[in-house]
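Over in Swiss-Prot, the protein carries these features:
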ACT_SITE  CYS34  active site, for GATase activity
BINDING   1109-1166  FMN binding site
BINDING   CYS1162, CYS1168, CYS1173  [3Fe-4S] cluster binding site
DOMAIN    34-431  domain 'Glutamine amidotransferase type-2'
Amino acid sequence: MFNQKIVDQAPRKLTSRLTNSSSLISIEKERDACGVGFIADVNNVANHKIVVQALEALTCMEHRGACSADRDSGDGAGITTAIPWNLFQKSLQNQNIKFEQNDSVGVGMLFLPAHKLKESKLIIETVLKEENLEIIGWRLVPTVQEVLGKQAYLNKPHVEQVFCKSSNLSKDRLEQQLFLVRKKIEKYIGINGKDWAHEFYICSLSCYTIVYKGMMRSAVLGQFYQDLYHSEYTSSFAIYHRRFSTNTMPKWPLAQPMRFVSHNGEINTLLGNLNWMQSREPLLQSKVWKDRIHELKPITNKDNSDSANLDAAVELLIASGRSPEEALMILVPEAFQNQPDFANNTEISDFYEYYSGLQEPWDGPALVVFTNGKVIGATLDRNGLRPARYVITKDNLVIVSSESGVVQVEPGNVKSKGRLGPGQMISVDIFSHKILNNKEIKTSVTTKIPYGELLTDARQILEHKPFLSDQQVDIKKLMQLQTAFGYTNEDVELVIEHMASQAKEPTFCMGDDIPLSILSEKSHILYDYFKQRFAQVTNPAIDPLRESLVMSLAIQIGHKSNLLDDQPTLAKHIKLESPVINEGELNAIFESKLSCIRINTLFQLEDGPKNFKQQIQQLCENASQAILDGNNILVLSDKNNSLDSEKVSIPPLLAVGAVHHHLINKGLRQEASILVETAQCWSTHHFACLIGYGASAICPYLAFETARHWWSNPKTKMLMSKGRLPACNIQEAQANYKKAVEAGLLKILSKMGISLLSSYHGAQIFEILGLGSEVVNLAFKGTTSQIGGLSMIELGRETVNIHSKAFSEVKTKKLANYGFVQYRPGGEYHINNPEMSKALHQAVRGYNPEYYNNYQSLLQNRPPTALRDLLKLQSNRAPISIDEVESIEDILQKFCTGGMSLGALSRETHETLAIAMNRIGGKSNSGEGGEDPVRFKILNDVNSSGTSPLLPHLKGLKNGDTASSAIKQIASGRFGVTPEYLMNAKQLEIKIAQGAKPGEGGQLPGKKISPYIATLRKCKPGVPLISPPPHHDIYSIEDLSQLIFDLHQINPKAKISVKLVSEIGIGTIAAGVAKGNADIIQISGHDGGTGASPLSSIKHAGSPWELGLSEVHQLLAENQLRDRVTLRVDGGLRTGSDIVLAAIMGAEEFGFGTVAMIATGCIMARICHTNKCPVGVATQREELRARFSGVPEALVNFFLFIGNEVREILASLGYKSLDDITGQNHLLIKNTDINLTKTNGIQLDTLININNNTWTKFNSVHTNGPVMDDDILAIPEVSNAIKLETEITKHFKIANTNRTVGTRLSGIIAKNYGNTGFKGLIKLNFYGSAGQSFGAFLASGINLKLMGEANDYVGKGMNGGSIVIVPPAGTIYEDNNQVIIGNTCLYGATGGYLFAQGQAGERFAVRNSLAESVVEGVGDHACEYMTGGVIVVLGKAGRNVGAGMTGGLAYFLDEDENFIDRVNSEIVKIQRVITKAGEEQLKNLIENHAAKTGSLKAHTILEKWNSYLPQFWQVVPPSEANIDETNPTYSSNTIAAC
């Protein structure tokens, strides 16, 4: 039936049509998260109860999933079990089919196209017969279709099972054969282009396991598949999975489990993993597959989800002979480099080192549950970013789950409780009846082969070579080289020289306000067309400074070995600790045992840019030939002894990308590494681009030469001698530059949530703005370029233009300064130019329409700067009278200001903005940092001069004004987030990212932390405050859903908004946010302002809001989610025209940041980050704040102008309101009057050729539905106790489905009494397993006690009261190391007490401000970013204690004498308890802990106090170094014995 040759040679683009995901959308537009777990009987006793327990566990994690637009079709639920042979035998009796359980029988679980059953089954049967497998029969799976949601029902496949048998193969060999069968079936369907391919999917084909899954809610799975509740359906294990997808169209194959794994999380490095897997395929050889290995290819598929591709990689390794544990260790390795637990197990480190040269990690937050039917296990990602709790029972069950309490276990039956830490694994071998912990698994796997010896034989570690100590060219030649390669004066002075001096990237402010590179009239180097992507919502960014233990820039170069080799041999290779190498190190690589060749990237200008493409293709041929000649290091070099006007360098990024993809296509990519020796690489963004498109290392020889010249400059030496620059020698200057680049690279990796350079390498995690398909397909295939742009000839022309400037007849003594960063007359156009600012100030200071018209004209007649400048309005309606248009009051209600924090801004500015917005009925945004409760009051004491005793520092006030920000922001630092703050908001904004620095945190310098700011932020004056890059309670989409739930819980009247930054794929993220119950989604553009950000982030991260807004609006509309949310946009909005254009693209509300500040008095000095703002807008210095002249009326006037302009445009279009034009894309057309300098290839289809969907406008606030707090509040005694401030005690049972308990009570108390005014006492006792966020935002006067256990986020944001958690009565553990609460507890707490008789998970007390707590063990990153409070840990601690901790104290009991190695000593120091005050503080907390929990550990310590006290360490940040508790000098008593 098959032409085997054709099948074997099936092109990848055809085989990608296979259903294994033919129905799946692009990997860039698919995200998911989930709840996952397994139950396994260690003794391999099969029973129906395990299946039922798995189904019940699924139901208990329903809140971790989501539903489609019909609110009934689940995103996916499923289970994997052993094959229920008894059920199948009885079911097939009527077909006279018999087989024994131990026979070599395989079962396939199939989704088939209902209208092509015969054809699809014939293909399956034909392949089985070709592989000499006997077809026993078919079984129609009994289902109940009526229980499905509408969308799931309409897309439901035909579900049937096939049974096959081998007469001569063992079960293990048959399992491998079935893998081959499935790949052949999929390949055949793909190559023949079956139009039903998207309806065909093989859930499982195995003789050990079977998968039941579909697009349904948890509770529906067992109702739909009748088998699952059949008493004969027995299994000794079950894996279960509930999916939360950002994409909402039902896709049955996307439900999990996959065939081997169930995955909760996201693989950030997917595109790179897929590229490298494709490049690895030619090397794959295996004794298992022999000459049939080609039939398994392609291994992965770019059209599949990350989970499906990870499953495919795992499946390959397992089917080729690896154990499941080893397969996951290879693909998802632990962060072994800084693991003290491996200090005495070098074989484990050797294993990971060995495979780091063969397989780049699949990196990202992930809990991966896996099975091959014999071993069931789970592993966690290297950062521990997903929860994983386990229970081992006395009757030999092992239960692992995303949450504790999903499977009911009697307390007396619990043997132990624990959690998986970062990179850890647990497995159950049901055939040998063993439970293996992390160390046992990894020791077993790694001791089989002497990996250390293999490394010693094959690996060379590149030693550091000294930097050059002399200049290599004179200043004239240097300037000519710099000019030829595109350097400007700003690149040298602001970037390279700053990095050489300070060893860090330059910081800038106020955002990017110049034209996009493709719109600019000035030439740009190729890197400027690339925008870095970043993590938001579906996975977290990482802090590369505070969590450096999981980060690495190491990379290995040379020929790669065969990943499937069962007797590993390692090719010769070199390990680089950094991809940034100097000239000496490059020479050392040439002198190594590897075969290296330098390939010149210069081309002759014979035909001008016309031969540009041919020259690049020739370069690619040269590269492949070099490999065929035996070279395994290719150095692409633009270095030339003499600069020649007729020899132009191919841009190194273009050269690298083209060669990289050419070698992949030729099957040669694994044979060699690409290095780059280039002059055109100096900023961190340049390095990131080169590495992202395949370069393993870069020698930036001209950047180093520039640093040498800077150091040699007499001016530099003079500044050093006067102490105005740090002193260094010429080699240190180059080392500083390299250090700055490396730090910047780590930040770029980490903003995407990637830890390892080897995972970023070749991952192409960029978005292109301004390159056409010809360029992209040649060198950057797989990268999105939404708007098209330069052709090869046009790119060649720009390259030549840059080069030719070096040979201009005009001679200058300085490099050209085009003003790309700082405004300069005659330079690049800046929207925020002095002329514009002056016109705006004149207009708003007195409401002067003439000046506003001038302002408006300046912006309307500007050069094309943003994408919207290429559009114009059209309407088929006749103009109407402006009197028919909605009132200006209605329009003003749609306006907001951006989230600018009090701390970054002065108090005067912040309050003036809020008052102005409240006057017009708009909304100001508090930003991060809290708000003074005095601002919640309405002013009624304003005198005739416009001042008020309540706010005496403000001018221009009126009675009735209020300075309260309507929008209160919740950012990653949680500074000032208290119950009272949250209750005084009309909206609560979760800031996921910021336009000017997406994927990054922030730091408010100590000089901006005045006593007033410190009071609001619950910290100490003068101490720097760090906002983490991620929210530590948002590592996935279901985590965001939980925070939205928390905020709806405390303030059910406030709308919840989620702020995202525009990037490719934002539409699917927004879909997840909408399904997570958000009320508002805000899309910020890349050009938003900021108080401080790395310059490379301002310039090279994020994309225009026009693209993001259009994508979000379209996708939500297409998936019937548009009516669930309001869309808001911000980023560079300045005129009424901007508002109308944004509305047409889908926006309903509009945010103003920079321009609002200008209207209020900002003069764009662009020194916000220095605390030296000359007009008092962005400073905390009192003498500068006194200069602030702004009044609310100025901003009111600005918005009146904007509102009137909107009304005029609406009238001219013939529309009566903004609502009437929202999403009406037909009103936009391309402005053909604009001719761009560089290209006519811009494509605006994503903005103008869109279906005009209709939807019901969303106005209400989403609710959480029935919650436990409402039941508690419904009890009269409770409501009376709140009203009368009396004391009451109540008792309740609790389950993991009861989330955020105690929070709504706290909101009511805070609303009525503030944070501290309640005098009553409400005691609530709970029994069972509490859901997430137990006691979140707890208010003073509420004491919660839990007899049981709790999940993540206990005490998050608590402000008062107490939380006590103890094991349930009757619990007897075999050891004292029991986990009782989850991850990220006490996050952002501003007060209160927490006592937990057991261990906590990762990131305990992260960003704690004032809470005090005692626990009996913690995971990694305890006390991270802590600014106050006291923490006591009476047990083991994980790694990285005290990272970023700037305040508060912590005490750790160190019985194992290993605590010192677990502390991050960058900021804190540790010491013994050396003062009486410190001893009393510690002892008092332990006494409280003993009294409240009955802790045996606490009682033992107190009884033997004198012997235990010397075993405690005190963790002390600098701000606490001179207080009674830490310093004998300040304490009346010291402890002599210590």
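Placed from the backbone N, Cα and C atoms, the Cβ positions cover glycine too.
Here the features listed in Swiss-Prot are placed on the structure.
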residue : record                           : Cβ contacts under 8 Å, 6 or more apart
CYS34   : active site, for GATase activity : ARG64, GLY65, GLY76, HIS241, ARG242, ARG243, PHE244, GLN256, SER262, HIS263, ASN264, SER402, GLU1038
LEU1109 : FMN binding site                 : SER1062, ILE1083, LEU1127, VAL1129, ALA1142, MET1145, GLY1146, ALA1147
ALA1117 : FMN binding site                 : GLY1223, ASN1251, ASN1253, TRP1255
VAL1125 : FMN binding site                 : ALA1070, VAL1073, ALA1074, ALA1078, ASP1079, ILE1080, ILE1081, LEU1116, PHE1258
LEU1133 : FMN binding site                 : ILE1139, ALA1142, PHE1150, GLY1151, PHE1152, VAL1155
LEU1141 : FMN binding site                 : ARG868, LEU871, LEU873, GLU1106, LEU1228
GLU1149 : FMN binding site                 : LYS894, PHE895, CYS896, ILE1080, THR1126, LEU1127, ARG1128, VAL1129
MET1157 : FMN binding site                 : MET900, LEU905, THR909, LEU913, GLY1089, VAL1177
ALA1165 : FMN binding site                 : CYS1173, PRO1174, VAL1175
Determine the Cβ neighbour count for CYS1162 ([3Fe-4S] cluster binding site): the number of other Cβ atoms within 10 Å of its Cβ. 27
Three-class DSSP assignment, MET1157 (FMN binding site), comes back as helix
What is the Cβ neighbour count of CYS1173 ([3Fe-4S] cluster binding site) at a 10 Å cut-off, with all protein chains included? 27
Whole-number mean of pLDDT values that fall within the domain 'Glutamine amidotransferase type-2' (34-431): 92
